[in-house]
Structures are given as structure tokens and as C-alpha cells.
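Per TrEMBL, compositional bias 'Low complexity' is recorded for 1-10. The compositional bias 'Pro residues' annotation in TrEMBL covers 11-20. According to TrEMBL, the domain 'Arm-like repeat' annotation covers 274-606. If you look up TrEMBL, you'll see 717-874 marked as domain 'NACHT'. Here TrEMBL flags 1-23 as region 'Disordered'. What TrEMBL lists as repeat 'WD' is 1243-1284, 1285-1326, 1410-1451, 1452-1487, 1579-1620, 1621-1662.
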Amino acid sequence: MFSSSPQGNSPSPPPAPSSAPPVHLEITVDGQHVRSHLENTAALGRVSSKSGDIPTIAQGLATFQLELANLLNPLGHRTTRDVAADVNHGASDASDARSVSSGRSSKFRIRKRLSRLFKGGPKVKETVSTSAASSAPVTLIGTEKRIQSSAPDRNAAPVSLELHSPAHSTEMSSTPLVVLATQMQQNPAAYGTLRVDIFPENVAKPTYKTDLPKPHARIDKTSQLVYCCSLLSKAPGPLQPTSDSDVNQDSPLDDKEKEWVHLIDPFLQDRYRWLVEQLVKAFADDPLKASDVVTEVVLVGPVLDRNIYRSLLSCFISEFEQTIPLDDILLQGLAQLVECASSGYLVDDDLVRIATVLSKNLSIAHIGTSDHPLHLILSLARVLDVMVAGKVKDLNRDRDHQPMLQLLDGLKNSDNVVQRYEATYAYQALQYAPDDETPLQVLWRYAKVVAAGAGAVSSVFKLDPEGFLKGIKSLQEIGEGVVGAVSTGIEVVETLRVGAGEAVRVSENKFDFMKKRSWYLALQGTALFIRQGRLSDFNLVVSQAPCRNNPNFQWGICRQIGEIAVDPLWDVLVRQQAVNFLDELFRNGADWKPHVDVKRWILTILIQISELSDVSVKNRTVALLLDLKKGAIADFPGSQPLSRRIPLPTAFPLLAQVQDIAKVEYELLDLRGKRIADYKQVVYIDPMAKLSLQDTDDNLFPLMDKVREFLANDTQVMLILGDSGAGKSTFNRHLEHELWQEYKAGGRIPLFINLPSLDRPEKDLVSEQLRIYNFLEEQIRELKLYRQFTLICDGYDECRLNANLHATNLLNQYGWRAKLLITCRTQYLGPDYRGLFEPNAVDRYARVPNYLFQQAVITPFSRVQIEKYVERYVTLKPRTWAKKDYIDKLDAIPNLMDLVRNPFLLTLSLEVLPTVVQGKTDLSRLQITRTELYDTFVRHWMVVNKCRLEDQRQKLDRKTQVAFQELLEAGFEQSGVKFQQDLAAEIFVHQQGRPVVDYINKNDKSSWKAAFFSNERDKMLLRDASLLSRAGTQYRFVHRSIQEYFFSCTISGPPKEHDEFDPPVDSKTFPNSPTLSAHPLFQRNLVAEHLIIQFLAERVQLGSRFKDELFAIIELSKTDDQAAQAAANAITILVKAGVRFNGADFRGIRVPGADMSGGQFDSAQLQEADLTGVNLTKSWIRQADFTKAQMKGVQFGEMPYLKEYTWIESCAYSPDGASLAAGLPGGRIKVYDTSMWTMTRTFKGHRGCTKSIAYSPNSLQLLSGSEDKTVRLWDCEGGSCIFVLEGHTDEVSTVAFSPSGKQVASAGKDSTVRLWDVQTGTNLSILTGHGGWIRSISYSPDGHAVVSVDDNRMIRFDTQTGQPGNVWESQSDLMNSVAYSPGGLEIAAGYGNGELLLYNTTTGKPTRNWKAHGKAVIGVSFSPNSQWIATCSFDSTVKVWSAATGSILSVFTGHSNKVTQVAFSPTGLQLASCSSDTTIRLWDVSSLGTGMDMESISDPLTSVLYSPEGRVLFCGTESGAVRQYDAGSGESGLVTVCGDYPVECLAVSPDGFRIVTAGTDDEFVTMWKTGTGQADVVLRGHTEEVTAMAFSADNRWIATGSYDWTVRLWDASSGILDRVLEGHTDRVDCLVFSLDRHQILSGSWDGTIRAWDLDSREYRVVVDGGFYEGGRWTISTSPNGLRVASISYYTDIDAAVIIWDAESWLSQQILEHDYGDAQCIAFSSCGKWIGVGLLRSVWLWNFVVGTSVEGGGGEWKCLVRVHDFFESTNIITWRPDTLEFSTGCENGSLQVWRLVETSTSSSDAWSAQLVWSAGNPVLAASDAVFADAVGLSSVNQQFLTQRQYQHGDNVNEELDEWENGGDPSWRWAAG
């Protein structure tokens, strides 16, 4: 061991030579083998030959590879002089990213020295091959085992060396290189106690990587540019350097990098190179050379071409020569630039000039005129290292070398300890700068001769740790004064030779051995290990280095470890290990023996590490310092430079300058600041949304979350829908605000675009908006080419666009790269709106991926959101009301809380609510509409602004004060309102309603705009007081709805006090057309202006005068053609106002284009009316007369359907879309042509109902399964049965064709699935595993599996083996249906409880489930693209769902009975559904979400009763509420919420002051006050659910019946139970008091009707059970008490009503009905009419006197039949003392009818006319007359003909015909 210090080295004696026998060495170079015998060896140990032993590296049995270029030139530096001298050069060290190569000539000289080295041995002859020596890697192989060096080899050509016994002869050819390999003995003394596992493994060398840009994406960071260029340099192309630069010799590309390189075309590569060149040029032109540009330009050094590099280097050197004192960053940048030079880039003069300038500055700094001598010393040392490696010879010894030596020698004795050590290192580097042989070359040569072992030499050559240590150890053991250790090897002036006496002879020389130290060699070696990431090897060398006790070595090692710890390019774990290494060096005194200066240096380094921002490294260091500082040792004062690498830049001004976008980014940041400052939304509540208009409120989500998902995924367009005032614009501005706050330079740019403010948004969307923000054209071009945008487009509806902005602006194709978010009013869009927003496919014939478009619908505020808004609102400024005050008023005023769910209306309401309620005591009677809110708000606004101006009057100039006074005299508020009304009108006249007005006084002072925006004082005052906003020269109302409100006021404004006294309007006195031409209703079609129509509709509801004006206009249109447009507007307004036109005389009216959807025109006279283009969707046009009406383009909102004579079990489209087949009872299958929807064929053969059908993939065959236990295969062309497949033992319920068409499957009640061969009809296999009725099967798309469901499980069978695979037990209820998705990824299963579950076919796990229907899901079908799922149910509905999200897209409600199957057409644009209602309905699903029957189902009715005086109609509902309606007008009134359960029973007291209710599952009855809805008395006593109740006529008693079989009598006033009437043996379901109040009639499920005498408390059975046993009753008594009508369900007489004599209880007459059970009955108040509710109709029977009938003097005769009921009519009740009655249906619709006698000549000429209706979900068109209607399309003719026929008057005749073997023909209409 020895100790080394700055003053000298202590020698250690060499080891004794070994007597080991000589060995032969075989060398293989590129496949050529030679052998040599080296006699002069020094064996340091023996090699174990025992089998299984793994020799250590120290034992010499190592396998390691030599790259001679690395050994000859460890740092890889080469000067131009070297390149010129060496033609046949090899590759440089590929593993050192910072190296610059040495010259080829140096390699040649080393080879000559090697030759001389071996000439001294008499048995050694050598010829060195240039190519082999310079480029061929060498592998040394031990005798038995091999150990691979820890350093990986790259691109090595195999060169093997093998050890042989002396017996082998040795020959030397002219080619191979001879190297001696010996055994090495482990030296225990070489291993100290310093840990060798601190760095446990070698790691990847630190490399800076960034995100890779997309092709043609803008590069905004120079570091990213350098990374890209370095990757491209490794692949063939323009950027590949011609030199052996490290950049292109680095680690191989990973897969991601390879993929990126593949995408970069030559054009982009040229651009990258150009950017680098221009960046250097920009630096040269920069006069300041600030630190940020220096830091940036140094980054590009490794990727520069030679000429550009030398230009940059020259710029740096010139700057150095001219700048005193030097900038530290410039100094470090120069050193870093020199170190990264590629081979041949540096010339000697470069380094000499740099060293000279550094020396000059250092001399100045040394004498005290500079503050940074340490920086100069460090930089000089780095440059000297490069000079040493590059063999720079041009240092003039007298001028440069000696002065520099003297300077450094003086600094070695500096009082500054840090300077002293760093100067000592630089001094050592300078010792070797003039020499012409690199240190490693000398080390190789010298160590080889001295150690006589090729192992040691080769190890050093490759920098193998143990070999490296042995080489240095051997050199030190030779003795003092023989050799000096240097940076990467040892230089020897005179060649060492091996003499005959095996002694080393050294000739005398002029070399100063005493000034060269071995620790310098060791530090250069460890530095190389670090640069290559070989930290474990570094650890080993440090722990075993012979010079490890030398303070200079220790100092340098600590610096190297400190550099690792502070370098962010290293992994955090590695940096933490570096901190641990310093800890180990500080504490290890036994072996490391740290000098006190070194310990202080370690503390200094740790303190700097503790100041890092990296918490994990910092925390470890801080904890360590707390422990180490407990001693007396202190750190060095001040901040000591530690990192060799300049910190990575955070800004890139040069690149920005090169790309000429510095101003663009500045402008963007300026825009960011302005947009953030402009955001003034004081109250913002996050809106909630749903996925579609038809989705329920159960599936809401925060809209912001969905938008954030949109911004993060690949979706290109998102559409946000919402009603006016829903908060779309507010959300957009808030989103923009958030995105601007998050914006970082170079990121995605958020751009809020007010579409109405642009001239051509469909063509120049982004550019036009950027011009508004004052961007220049060249900036816009740059942004378009390189930047990405988030376009937030507001007001699509306001600018009246009908274009696809994504397509017309070429977004993400050839133009702007942007995500497009668009908001639009819900009402603006038609049924096919998706095409206006979905991105177009690049290939016009390709289908657009579904994921590129998504939408959301903003939902109204919830109560929670309203309360949050109010809470924030009250804090904005001092108010007299608190949050509770506002909420209480919103609750108290009827319907107001529901109204303010609209956010904008909430804002208005909160402003005006204190004014509205002022002076009001009973808020429950206060009615407020949207229009009234706007009226009040506008008045409030104008009053506030008038007061503001009055307060500021003295500050106004003289002319403005005069103008203000004039406005006050004229009425300031009225003038302001008139100003805004006129402005809104002019905007509609001149700008077609586009809200933004651009006014420049110079250009527009003569236009219409000047009347509002000129500089006249009165205009300025009114404008400033109005509800206007301004942005530059653009004006608009603060909200679109405000503009529409003011325009509506030009037609009908707020009511005046004298309105009620104005004379009525008469069309005869109405002004003529010339006068009316200026009226807004005559000027513009307002049908599409939904909010204006709504405002005007509410005006109709508020006052009768405007209503009369509109009727007068309609009347005028009969005689004046010019009134047609106004009449269309008028009738549209009236319909939306709920005005009913039942029985109206509209003959000859002209209303083309009117929207009459949802209107009531029952029995209206519309002969010869002009109805061109009128929308009659969901209108009630029953019995209306359209004779000779103009009906071209009329919309009914429904398609024709296919009607059968009986129920339909199944349906299926053929795969070619040409046919639709339907399976029917009786074993028939009917096939229809889908082009004309005519029946083309009937298949007969089955002897039972056809339960299931399926087409073959080629549409040529049809498969059917039947109740007759057979499966049949049909020929679709010929109509014949090909095979009858028999084998099932019970009904076949489901069949399916395999996708290949070669196999079919069937299943049914026998619990088996059977597979059949289509060609032969043979049964291939029987699949078992089910335990019950298999209801549905489906093939996988590849045909390899078939899935089937029974009640309790689903099984997937392998169709090849027949074995069951996955078995899924039911997750919910009974399983009814199953379907494979066409993509094969999911299986959908429908359940008996209405749920739908999706299963993943790969994992077998459920992925989603939701409640699809209220009743069982019967059928499931996927759309062909797997995007949608259609379901059908017992609840008579068809629904379409998003397969991806489970959200509902459409609800179709036309069926009136259970829907048995659904099927998508092959195109996916149509959906067919078949039902037990005997129809196949066809639904258009081309634009889901806008189906014709999309209205949500109304609250189903459970009971309907009139008040005793007939003014109020009480309706019990399934939601648990009782709703009150005005019986005459239909206006809704009080709603009483009775509970959470449906109102099972309802009764009204005879005085009308109380109602009693009982809910489902309620065992009690609640009495309510009808005026207030408050609960009064609760009747308790029943032990089970109450099912019937009735009041006595004298209001004394309440009778109740129950499931507990009892009837209970209660005191109606007190609620006290009077008695319990027992006798029934089942539930009591109806109760009726007799007219004399002495009897109660009760009907029960025990099959009896009992009469209870209230006086005697006895009962008698008036109707015995008999054949009625088990039936339930409905009872009604005639007003005179003489007759009782009853219905008993489940009897032998279907649809029968029995009339009984009330005294004798004898049956008088049975009223029979054609079809369907009777559901309800009721006597009229006169006793002459009975109404009977049936499945889809109401029959009205009249008692005709004079007919001899048994038991009476007359007969009941049906005179009127009312149709257009699409569900069961469960309730019928008569209005007292009139011939009006009401009906309630299961679907929630409520109608009020009036019986009208149509002719006096016939006693039976009666009809029922609709009075009003609520909640009707479908079009009602029965008995309408369309004779000679003009322009009615054939499709509409078919549809209307169906509606005439659909009510089934002749159904029984068809059924009889079918049962008798006939085949009733298919009919579009009756006959």
C-alpha cells in the first residue's frame, strides 16, 4: 500500500515473481488463429481446473472484450492533425457520450510501441494488423470457465484468446496481434473495509430524454430538438454525422423511438437540421450573449455538423478573448462545448487559444482583480483534460506551458483549500499536455511488460475494474521515479523492455517522474466508469484503488460522487446512493483514511445537495448532515461549484427567435391575461348533464368532468345542448377561464368563439377569431402549422348555421389541429342534427368512428344547485334578505321553484323577487310565468338605472343633463323599454336575428344602426341604461333570451291597466293587409323562434285581448292571402299556449308552415284549408274534416306500420334488407317486401305458433321454430320447406343461424340446445346443462360459440365440441333474452325485472347493468355496428340504448300491448318491433334521440273523480300525488303529495271540501283538505292494504274495504271507527253507498256482491259466486238507485257488463263488447248513459225507452264508440249534471269528453267530442276525413288509412276467418 498526496508518492515493493510454467496463448482475430509462446511470465496465482468452479476476475479467468479504439484513446479526442496523419482509422468509444476521438496516427504509433515492447523476447515475433488492432474487439477465454465483463459490448467482432499448455507449439502469422494472458492471484491486501455494494449495479448512462413530438408538430424546446436530432443521427438519413460522433454511436433505439424515427420524413429532418443551424447563427448574432442563450446553445453541441460546430466554437473563443472578466456561465458553456466535440471537430489551435485565455484570466483573478478564480481553475482543468486526450502539441513551452505550470504551482499552495486541491488536479493534467502518447497506451504497454500478464493489460484496456486496479498496482510496485500515472493511462518517455534476465530496464530520460501522480490516472478511470453508467465498477475501483488513501484522489472521488447527487439526469435512487456513498467515505477511517480536508469537502458537498428542490434526495441529505455535523469538523465557507453540466434551460429564446414566434407566444400570454381579467362571472355553479335528451335524471354527471374527458381523449367534437338560459354560455366562459389559467407556453390554446360575431364561421372559424384578437397573418399561419387549439364555439343556433363546422373548416385534416366544443339550443336542431356536428371521414365512403363525436345535454338545476346559487348570491352585496328568505319565497309561490331550475330565470327571479312579493300575503295564490319574470326584471333594471343617473346628474355635462331631463319628462323607463324593443326588432329585420351588431360611427352613421349607437346624448343615455353589452365595436343584448323577449314585446307587450276595458277584437274590424304589413307577425316567420313563441304563448295565457287578436288574424287569412304567414305564426302561438280548437270552424284558413304539433283539433272543420308543410305531430285530429285541404309536406310524426289479424310472436330482417318476416300463431310465417311493404309470401307448415324465425346469412333460407316441437328450414325463393328438423321433446322457443350459414341452432322448453347441419338436416349435437326452459340463443360472430339462457343461467357452448364453456348464474331475476354483439366483445342479457346486463366475452364478467324497463325485457338486439342496443318489454315500449355508456337514446311508445321482439335492419337505420297488439311497427333510428314518440311517459293515473259541483277534477297517480284540474279548461291546480306509493283509492266528500286517499301497501286512510292539500284525519284499523272506499251521500260515513276481507264504517267528521262488517272471504275491491244511504254494496274477489243494511247491521248476498267465483268486481249504481252495473273479471263472458235490478238483483241485460276486457264502468248523472272503458276504446251505452225487455221498459244500446286510446282505459267518470265525462289511461293520459247530439232526426245520432286532453303521447286521427285532400303523400295516406282501421272493429271477424282456416288478406286499411 502507499499514500499519495499533492507533495509526493510513497512506493511499495513489487511482489515476488512466480515460478508458474509458461502457457500458450491462442489469439483469434476475425476468424484467423495464431499461437505464441511467451516464456517471460510472472504468475500471480493459479487457475482452478476443478469442474464446476467459477473463477473470479482476480484469478484471471475472465472473458472480456477489447475495443482497441477505446484503449488507445480512452476519451476519444482527436485533432485535425491526427486525422490527417491517419488514414485507416477505427471507431471511437461508443460508450462515452462526451468523448472526442483521438487521431488514427496515435493508434499506429501505439502499435509500433507494442511491437518494440515485444521485440526484447527471443521467442516472440509480432506483426500488428492495423485493422485488427484498431477495430477488432478481443475476447479472452480462460481454460475452463468464462466470466463476462460487466460492461456490455456493442457491435463487437469476435476475437478470442485462449490459454494453452506449454506442449502446444506457437506460431505468429503476419496478421494477428499477440497478447499475453496470465493467471491473476487475489491479493488480500487489495481489499479494504470500504463497502463495495453502495452502488449495487451498473445502470444505464444518464441521458436526457423528452417527449417525442408528433410529426409536423411544433418543437418549442431546444432540448426536445436535440433529442430528436440525436435519434435521427442513429438512423440513415441527412442527420447522420459523417464522423464517429458519440451521438450516433449511443445506446440503440427503443421501440417507441424507432417508431418515431420511421414517421419522420426527409423534409422534417431537413427542417430540424435547419433549426439547429439557425439557432447557432442566432447565438452568433446576439450581442449580449446572456446566460439563457448560452445555456440553450450549448445543448446543441453534440448534434452539430463539423462546420457549424467550429463556427459556434469560434464564436465562444472570440467572446472569451474580448470579454474580461469572463462570465461564469459562458466559461462553463465553453468547457462543456469542448468536451462534447465529435472526432475531428477540434484543432490544436482551438485548445491552445482557450487555455491561453483561461490562464490569462486566472492570473488576473489570482492577483485579486476577479471574483471567480475557482471557476477558471475548474474550466482550465476540463480543457487540459481534453488537450491531454487529444495529444495537443502546440503549447509553447516557454510562452504557454511553463507560465501555466508556475501559475498552477503557486495556486497549489493557496490558502483557499478548495482552490488548492483543484489547482493540484489542473497541474497534474498540464503535466501530460505536451506528450505524444496517451496515458492508457502507456499503461497498456507498461503494465503488460511488467506484469507479464495479458489479463492485466487487457483489463486496463477495457477498463475492467479488477484488471484496471492490477495494472496501476503493478506500475506502482515497479518503484519510484520509473513511471507517472496520468488521466487514462501511463505515459513513459522511453520504451520498457523485457530483458533475458526477466528484469525491467529503463533508460534515462528527461521526464520528471516526481511531478506525475497515479491518483490522476485513477480519477480519469473512475470518471469514465461514471460516464458509462458503470457505477458498480466505480464502487469496486474506489474501494480497492491503491491510491485510495491519497487526499487528492479522495477529493476527486468526492467531487465525482457529488456531481452524481446533484445531477437530475440520474435516477433518484442513484442520487440517494451517492449521498450514502459520501456518508460511507466520511465515516470509513480504517481503510479509506479520509484527510480532514476531505471530510470538510464532504460536508460542503452535502450542504449543497441539501439545498436541492428534489425532496427525496434533500431529506436524506438533511438527516445525514444532522448526524455528521455533531463532530468538530466544519464545511468550507461559501458556495463551491459542483455540477459539471450547466443546468438545463427553462426558456428557449433562441429557438423562439429562429421560428419567429417569440411575439406569437407573447401575444398568447397577453391574450391569456386579458381573458382571465375579463372573466367576471360572480356566481358559477357547475352544471349537471346527461348523455341524451331522452336520458333520465338518474344518469346525471358533472358536465365539466365529461368535458375534461373529452379534452383528454381522442374525441374530436363535443356538442353541448341545453334550453335557453340553461347556462351554456356561462359554462363556456368558465371553461375558457379554467383552461387559460392552466395554460403553459406551447400548450393547447383555448379559444372562446362567439359564433354570431363572426362573418364566416363555416369557412374561416379560427383565423377570423384570431384576427379579432389582433394577431397578424404570419402569426396565424405559424399557429395553424404548429399549435393545437380547444375551440369553444358558443351560439351555434344564434348565427343560424346549417353547416358542419368541423368539416367546412377542415379541422384535423389539412387545416387547424383542434378539438371542437359547440353549444346549441336544444330547440334549434331537427331530427337529423348529428350530421351537422359529426366529423367527416377522410374517405368519403368510410364510416366515421363513433368515438370521434359525443354529446351532452345540460339539465335544469336541482334544488341543491339552486340553494348553492342563492347562498353565493346573497354574499355579493348587502341585502335585506338572507338565503332562507329567498328559498322560502321560491317554495311558497306555486311552480316558481320549478321555473327557476333554469339558471338564467333563477338570476332574474332573485333580482325581482323582493319586488314581486311586496305587499302580498298569500303567496300560494300568486302565479308567475317566465314572461312575467322578464317584465318585472326589465322594469326593475330601468328603475335602478334611472336612479343611478339621477345620482350622477351633477357629473354629467350640460348637454347630457338636458337630454336626461327630456327623457325623464317622456318617461325614462318607458323610453328605455321602447329603445330596446325597437333595437330587437331592427336586429330581426336587418340581421335575421343575429345578435351581434358591429357599429363604427364613421362607416355606419347613415345606417339603421345609428338610431341606437350614434353619439347623440339621448341615445347614449338609453344605450348605457339598457341590457346591452359591448366588446370593442360590437354590441349585443346581455343574453339572447333578452333580445327575444324585447322582440316579442313588439308583438304583445306587458298588459296595461286599461286592457281589460278595451273593446273585443273582431276580424271584421281588424285592420287590412296594407296596414298590417308593418306588424311583426306579418313580416317574419316565427315558427322556428321557439323562445319568442313561448313568450307570446304566455302573453295569451295572461290576457284575452292578444288571444282575440291572434284568432282575428287566423280568421282574416280565410279571405286575405297576405295574412297567411301571420296566421301561421298566430296558430302556432295559440297551440303552444294550450288553446284548444276542438270543434273550431277553420274552413279555408291559410296557415302554411305552422307548428300545430300537440294541438287539439278534435272535430275541427278544416275543409279547403291551406296546411302546406304544417307539423301535426302528436296532434289530436280525431273526427277533423280535411276535405280538399292543401296538405303537401304535412308531418304526422309517425311511419306506417304493418298490421296483422292476430298477435305477432317474432320478426326478422333478411341480411340483404329486402325482406321482413313475421312469425304468427297457427304456424304461419309472412314475408314482406321492405321497399313497398307489401306481403310477398306466406309459409305454412307448422302446426303450432311460430315462436322464432331467423334468416340465413345469404338471405336465401329462413329458419323457424314452433310450438309443434319442430324446426323448419324454408327456401325463400321457392317457398318450399327444405327440412323438418325433429328431435325436440317440447316447444321450440328460439332458433338461430350460424354466421357461416352451415349450421343452425334451436332450443326451447326441453332444456336442450340442438345443433343441425344445414346441408343434410342431421342433428350434429345436443348441448345440455340447462335446468329449464331455454328462452333465447345467439351465435358468436365467428360461429365458434353459441350462448343460451334459461330462467336462472346463461351458458356459452363451444359449437365444435359441444362442451359448455362459461356458465353465468342469473345476476338479477329470470333471464329472458340474449344477444351477442356483432363485434363479439359483449353479450347482452335481458331480465324479468326489467334490467339489462352486459357481459365481457373475454373475462366473462358483467361490465354494466341498468334498469331498462319497468317490466320484463323480452327481446334484445344489437345494431350492426354494435353501437346501440334495442330492447322491448311487457311495458309496451321499445327503447334504444348506447352500448358504450348505457344511456337511453330513444323511447318508442306506439304499441299498446307487450312487444315480443325487436330487430335492426341491416343498415342499422330502421328498427322493427312486433307486438301482441297485432302490429309490426317501423321506427326510424337514423338520428337517435329524436324518435317520433320521444315524450316521456306521463304519470299513470289510478283514479279520476269530479267534485260534487263538477268544477274540479281530482286525479290520483302512481307517483303518490293527487292532481287537481279545472274541469272546464283543463288548467292544472293544486297538487297534493300523499306519499311515496301509488294512490290506490280516492274518494271525494259530497261537500267537496275533503278527499280521502289510501296508497298501495297502506293499511290506513288519510283525509285531506282540498283547498290547502293539508292532511286532516288518519283512519287506522285495517290490518292489510286498503283497496276500496266511498263517502255516503249525506257526508256522514266513510266506508273502506281491504285485503283483510272486512268493510269498515267510519264517522266522516271525527274519523272514529263505527263498526266492522265481516262476511267476505277474500279482498274487498269495490264499495258503493245506496242512494238512500241505508245500504252499502261491496264486491269481493270471493265472487259475491253483498248488500249491508246499516240499520240492522246485517247483510245478504245479492249476487252469488257461482261461475263468477274468483272474479273481481267493478260496481256502479244509477243516480235513481234502480239499477246496478257490474263487471266481473275472469268470467266466461269476456268484456261483459251486467245490468242488475237494484231491488230484485235480477240480471236485466248483458252488454257485450267486441274485443277486450271491460276495465271500468260508470253511470251518467242522468242515469241514461253508461260509459264502459275497454282495452283501447270507450263504449257509450244509452238507455232507449219503449223496447220490450225482460225486467224493464227499455234497452241499453251502444250509440258512441271512442277510439284513439293506445293503452287500457282504466277510469271513467261523469261530470255531475252534464253529458261530459273523463277518461284516464294506463299511460297517464287524461281526456274530458262531451256527448253531442249530431242530428235531431235520429235518436241515435250522437258523437263524443273532446273538450280537453292532457298527456296524450301519440297522434289521434281516428274518424278524420281526408277526402280529396291535395298533396297528401302516399306514405301519409297509408299511415292515415291504418289509423282509421287500427281500432279493431273488425278484429273478431278476422279471427273467426283465421280459426275457420281462411287467410285474411294483408290490409293497409279496412278492406
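The backbone N, Cα and C atoms fix where each Cβ goes, and this holds for glycine too.
For the repeat 'WD' (1621-1662), residue counts in helix, strand and coil come to 0 helix, 23 strand, 19 coil, using DSSP. Non-local neighbours of the repeat 'WD' (1285-1326) in the same chain are 1248, 1251-1258, 1261, 1263-1267, 1269-1273, 1332-1343, 1346, 1348, 1350, 1357, 1359, 1362; each lies 6+ residues outside the stretch with a CB under 8 Å from one of its CB atoms. Secondary structure by DSSP for the repeat 'WD' (1579-1620): 0 helix, 24 strand, 18 coil. Within the model, the repeat 'WD' (1621-1662) shows a mean pLDDT value of 86, rounded to a whole number.
For the repeat 'WD' (1452-1487), the list of distant contacts is 831-835, 1198-1217, 1220, 1222, 1234, 1418-1425, 1427-1428, 1430-1440, 1493, 1495, 1497, 1735-1736, 1766-1767, 1787, 1817-1818, 1846, 1848, 1851: same-chain residues at least six beyond its ends, Cβ to Cβ under 8 Å.
Residues in the repeat 'WD' (1285-1326) partition by DSSP class (helix H, G, I; strand E, B; coil) as 0 helix, 23 strand, 19 coil.
Residue counts for the repeat 'WD' (1410-1451) by DSSP state, with H, G and I taken as helix and E and B as strand, are 0 helix, 23 strand, 19 coil.
For the repeat 'WD' (1452-1487), the number of residues in each DSSP class (helix H, G, I; strand E, B; coil) is 0 helix, 19 strand, 17 coil. Taken residue by residue, the repeat 'WD' (1243-1284) breaks down under DSSP into 0 helix, 23 strand, 19 coil.
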